[in-house]
Amino acid sequence: MARTKCKTKTVANPRTGVRKTAKDLSEPVRQDAVSRRRPTTLPFVGNTSSRPRVFYDVLAKKNVVFPNVKAEYHYRVRNAPKIDPKNFGTTLPICYSSIGPAKTLELRPLGRLPPHIIKALNDHYVQLTRGSMVPAADLYNNGDHPAEQRIPTMLNENEYLRLIQELEEEEKSKQFSATSSSAPHVNPYSAQHLVNGEIIGIFVIYGTGLVTRAVCSQTREMFTAHVLPEWKASKVIDVIRRLQIPTDISSMTADEIRLSELCISKRMEIIKSNDRYILMNPCESATIHSYATERLDEITENDVMSIYQKVVEIVRFCHSRKVILQNFKPRSFYLKKDAHNKWVVRPCFLQDMSCEEDQSEAQFTRRSVCVPFMAPEMLTAESRTHHSYSTELWGLGVLLYILLTGKYPFHENSMPLLFRTIKFKQHRWPFNFISSKSRNIVNMLLKKAPATRMNLEDLWNQVNGDFPEIRCRSNIILKKQDMIVKMDLFEMYYNTYKDRLLPKNVLPMYEEMKACRNDSTILTEMAKRDFRSIQEQMKRRIETKPTEYQTLVMQVRLQQINQLFFEKEVSQAQKQHRAPRLVQLKCSDISKELLLPGDIYPISEHYHPSQQPVDKVVYKLLSDANSLAFPTVMKGTVPKSYPPPVFKGLDISPS
C-alpha cells in the first residue's frame, strides 16, 4: 500500500504569535491550559518569596515562555486604566521618584522619551501596582466600590449629539421589542426610578436608577439627579433654606456668602415629575476620593491638611445654621482648584444633610451614615438620637485618618465584628511618617466617649497651623517594592526594544534602569535598619521645640545662610545683567541638623542633607563658601563657637 503524505495545517495564536499544528491542537487540553496559564515571571508586589523570578532568562530569550510573557504584558497595557496628565493630581506614577527629592519629568531621562512611550510605560506600571502597593482595607482597594473614574462636567457638541443618538437608538429598540411577537420585556425598576433617555424639563437623564447623571440640553452641563422620597423632599427644602443666601445679605460676612454658594449652588433645582421629586445638582469631575486615589502614596501631610481644612470650614458653616452633614465619605466631597490655585471643597449629596431637630425622627435612623464612619454611641440599642454634633466630630476623625494613612481606622470582614471593633477597640497607626500633631488631632476626635472629643472650634484652630511636606502614606517597605517593579519594567522594555527602536527611544530606559539599581541598593540598606528608629528620628526632627538659646543659634545660622544666598544672587545677577531677586529662607524650611550644632542638638545617624531638597541646596552653598562652621554666638557674656557638623547618614545625591 502506497503511503500518502499528510499535510499538517498550522494555526497561529493571535495573542502569542506562536504557530501550532493540527496535531498539536488535537493533544489533550491539559498542556494547552498550562501554556495559557498566567506566567509567574510577572513583577509581583508583595510577598515574593514563593514566586520565582526568572526575568533575566526571559529577557535574554532563553526561556520558552517569553512569547507568552510578552503577550501578557501587552494585554495588560491595552487594558490598563488611562490617566490624563492635564488634570491636577494625575501626575504619571511612573515618573515619581521613589526616594530623595521629587524630580520633574524634564529633569529625568524619561523626559527625553516620546509621550506615547511614557504613557505606555505608565499604563503598564499602574496596571501592575494598583491595589498591591497598599495593605488590605485601604482607601482604594476596600472592595466596597469599584475604582472611581473621572467624569466630564461639560459635554461638547459632538459628545452631546452622540448621547442623543444612543438614546434614540435605545428608544427604537424598545419600540421594536414592544411590537414584536416575542415575550414582553419586564421593567425591573419601580415607577420612582429614572430611566435612561427620559426628558425632565431641560434635562436629559443619562442612566437608570434612583441616582443618575443628567445633561442640561441648553448648556451641555453635567448634573447629578437624585430621586427624593416625598417625606424627604420637604426636609431637603428646609436644609436649602437654612444654607442659602437670604434676600438681605447685610447680616452675612464675605466668608459666609462664599460658603453658602459652595453648599447651595445657584444652578441647583428641585423638579417634580410624575409624582417624583428630583434634585438636580451640578457635579464636578473629581472628588477627594479620586484625588487621593490618583496620588497613591505620594500625597503629603500638608496636602491632606489643606484639603481637610476646607472640609472643617464647610462643617463649621453648616453647624452654625443648625444643619448636620452626616455623610463624611471621601466620595461625598467634590474637589477642584480655583483661579488662585487653592482648593475648593463642596458637599456632593445635599439629600444626606438634615436639620438638627429632625434627628429624633425614625426616618433618619442611620440612613445616611456609612458603617465605617459610625460613632460608638450610634451602635447602642438604647440610642434615640442617632446623629448629633458629637458623631459629626467622630466622622471628621475617620475622614482624616483615611486621608493620612490610606485605610480605615476600623475594618473587619463582617458587620458584627466591625460593630464590636468600633465600640471596644482602639485604632492603630501604621509605621508611616505622620507628625504627632496630626496624630493627636485624630486621637482626640476618635474618643469613645462623646464628651471627651475635641470640639469644632479647637479643631479649626488646630488645622490652621503648619504641617510638614512629608509623604504621610509612604514607608521604606512600600518604596522598595515600588523600586523592584520599576527596575524590572524598565529592564524588560529596554531588552525587548533595543534592537527595534531608535537609540533615543531606548537609551533613557537604560539610564532609568541604572538609576533604579542605585536607588535599590540604598533602599535595601535602609530597609535593614530598625524602622521604628527612623520614625522616631523623623518625629523628633519635626516636632521638637527649641529652647531660647537654640532659637538664637538658629537665627544666627539662618542670617549666615541668607547672606550667602544674597551674595550669590548678586554675583549671578551682575553676570546676567538683571536685577537681583531676594531669597529669604525661614527656620522651618531647613532641618535643625543644619541649623544647630551637634553639641546642643544631637544629629540623627540616618540623616544626610542630600535626603531633603532644601537641605541639599543649603549644604552645597555652605560647602562652596567654606562656611560649614557655625558663626560665633554670645551665650550670656561668653562667646561660643562650634565646629562644622558631621553627617553619618546615607548620601543619596547622584554621583
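One-based numbering along the chain as shown.
Note that Cβ sites are derived from N, Cα and C of the backbone, with glycine treated the same way.
As written in Swiss-Prot, here are the features:
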REGION    1-35  region 'Disordered'
COMPBIAS  21-35  compositional bias 'Basic and acidic residues'
DOMAIN    200-470  domain 'Protein kinase'
BINDING   Y206, G207, T208, G209, L210, V211, T212, R213, A214, K235  ATP binding site
Largest tally of Cβ atoms lying within 10 Å of a Cβ, found at which of the binding-site residues T208, T212: T212
Quick one: among the binding-site residues Y206, L210, A214, which has the most Cβ atoms sitting within 10 Å of its own Cβ? A214
Looking only at the domain 'Protein kinase' (200-470), mean pLDDT returns 82
